[in-house]
Amino acid sequence: MKSKYTALPVTGDMPPHTDSTSFESKTYAKVGRRLIPFLMLCYLGAYLDRVNVGFAKLQMLNDLRFSETVYGMGAGIFFLGYFLFEVPSNLILHRVGARKWLARIMLTWAVISASFVFVKSPAAFYVLRFLLGVAEAGFAPGVILYLTYWFPAARRAKALSLFFMAIPLAGIIGGPLSGWIMHSLQGAMNLAGWKWLFLFEALPSLVLGIAILLYLDDSIAKAKWLTDPEKNLLARNVGSDNAHKIAHVSVRSFIGDRRLWLMAAIYFCVVLGQYGLTFWLPTIIRKSGVADPLWIGVFTAIPYLCALIALPLIGMSADRRRERRLHLAIPMLIAAAGFVLLPALGSVPASIVCLSVAAAGILASSSQFWSLPTALLGGMSAAEARTKA
């Protein structure tokens with residue numbers, strides 16, 4: 001497929017060679033300041049809408065007489081919708097542009113997330129979780145694809161680490177916020193606290209979906225906030241990066257590539273840990289002896305705070321050393337240690353320590369993983385190869 005994001009012609013309007021390194025660093029810092037905080041904010045909204053069901057579970061199961069099996073099915077069926085529609089979503093994004101398609105994704109999932117207040121049966125719960133997966137499909141991989149239009153592989157690990165910091169930020173902000181909503185608004189206007197949770201946490205995504213249309217640019221060439229020399233530098237670096245990749249890969253050779261299957265197996269393990277932690281963290285803390293939803297929310301923020309510290313440190317180390325595999329493997333082993341020790345330690349402080357170790361390791365692994373396929377398979381191939389986010 002021919003990309004619509006072609007490099008700009010290099011006009012030679014570049015700073016003198018002696019200043020080129022400083023100019024390049026300043027240019028990428030400018031791009032990072034423009035894109036990363038906003039994309040982080042959008043992903044924070046996505047993650048809140050995706051995982052607030054873990055907090056809603058504390059009240060919803062009793063109110064609706066759902067079993068743990070019903071909850072587990074609903075939590076998991078999200079990924080069926082995500083899986084089925086992720087590749088089509090990214091193909092459409094590549095055709096119509098990131099600005100319109102990412103805005104569509106956010107607005108759709110905001111409406112579906114708010115619709116959970118109407119759930120009364122397991123069937124309705126399953127349908128809405130599936131539709132939420134369909135709606136969100138393509139957002140995270142779409143952003144990863146979008147970042148390949150701006151950052152070459154050598155600078156991508158740091159950018160991805162900063163973007164994925166939205167996950168621990170969502171935990172730090174969303175945990176206490178979710179606990180407060182469920183604690184303080186229980187029964188207000190005859191609505192259960194978990195219903196207020198879905199309503200309140202859908203609002204940011206609705207606002208951000210509109211903001212995307214006004215803020216993002218589809219490509220370097222359309223970025224009015226960049227000067228011509230800056231555009232030329234960015235286009236040259238991304239073009240040089242893509243020149244070393246295979247322009248077209250047949251379906252047979254793509255599927256037969258052992259690297260693809262190895263990455264799929266690795267990311268399966270990462271996702272298993274990430275969403276096991278996400279969907280059951282509030283329940284684990286309650287089982288350790290914390291009953292009040294407000295305090296459960298406060299305690300869930302601690303593991304995510306540790307992850308927030310770990311992500312940029314690992315990302316900067318990976319870019320500085322230009323090494324990816326150990327920066328993926330070591331955090332995965334650290335996360336595994338936290339998960340293994342958790343069942344043996346039943347007290348609240350010990351559980352928080354284990355969960356913090358697991359969260360730091362697994363979320364650092366998630367961000368580092370995506371610097372590998374974008375480097376090995378190329379921007380478009382990486383988005384098409386993605387199976388879960």
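Quick reminder: no glycine exception, Cβ is built from N, Cα and C everywhere.
Along the domain 'Major facilitator superfamily (MFS) profile' (35-389), the predicted structure has mean pLDDT 86. Per TrEMBL, domain 'Major facilitator superfamily (MFS) profile' is recorded for 35-389.
Feature annotation from TrEMBL assigns transmembrane segment to 31-49 (among others). Packing against the transmembrane segment (31-49) from elsewhere in the chain are residues 102, 106, 109-110, 113, 132, 136, 139-140, 143, 146-147, 150-151, 159, 162-167, 169-170, 173-174, 201-202, 204-205, 208, 211-212, 215-216, 225-226, 234: each is 6 or more residues past its ends and has a CB under 8 Å from a CB in it.
Residues or ranges marked as transmembrane segment by TrEMBL: 69-89 (among others). Panel annotation: around the transmembrane segment (69-89), residues 50, 53-54, 57, 61, 101, 105, 122, 125-126, 129-138, 141-142, 275, 279, 383-384, 386-389 of the same chain, lying at least six beyond its termini, place a Cβ under 8 Å from a Cβ of the stretch.
Feature annotation from TrEMBL assigns transmembrane segment to 101-119 (among others). For the transmembrane segment (101-119), the residues of the chain that approach it from at least six positions outside its boundaries are 42, 45-46, 49, 52-53, 56, 60, 64, 89, 92-93, 125, 128, 131-132, 135-139, 142-143, 146, 191, 195, 198-199, 201-203, 205-206, 208-210, 212-213, 216, judged by C-beta separation under 8 angstroms.
Residues or ranges marked as transmembrane segment in TrEMBL: 125-147 (among others). If you look at the transmembrane segment (125-147), the same-chain residues 6 or more away from its ends with a CB under 8 A from one of its CBs are 35, 39, 42-43, 46, 49-50, 53, 64, 66, 70, 73-75, 77-86, 88-90, 92-94, 98, 101-102, 105-106, 108-109, 112-113, 115-116, 119, 156, 159-160, 163, 370, 374, 379-380, 382-383, 386, 389.
Annotation comment: TrEMBL describes 159-182 (among others) as transmembrane segment.
Counting residues 6+ beyond its ends, the transmembrane segment (194-216) has Cβ neighbours under 8 Å at 35, 38, 41-42, 44-46, 48-49, 52, 55-56, 58-60, 63, 98-100, 102-107, 109-111, 113-114, 116-117, 174, 177-178, 181-182, 185-186, 188 in the same chain. Under the heading transmembrane segment, TrEMBL lists 194-216 (among others).
The transmembrane segment feature in TrEMBL is assigned to 260-282 (among others).
Beyond the transmembrane segment (294-314), the same-chain residues lying 6 or more positions past its ends with a Cβ under 8 Å from any Cβ of the stretch are 55, 58, 158, 161-162, 164-165, 167-173, 175-180, 182-184, 277, 281-282, 285-286, 327, 331, 348, 352, 355-364, 367-368. For 294-314 (among others), the entry in TrEMBL reads transmembrane segment.
Among residues of the same chain six or more beyond the transmembrane segment (326-344), those with a C-beta under 8 A of the stretch's C-beta atoms are 157, 266, 269-270, 273, 284, 310, 314, 317-318, 351, 354-362, 364-365, 368-369, 372. Residues or ranges marked as transmembrane segment in TrEMBL: 326-344 (among others).
Summarising the annotation, TrEMBL assigns transmembrane segment to 350-370 (among others).
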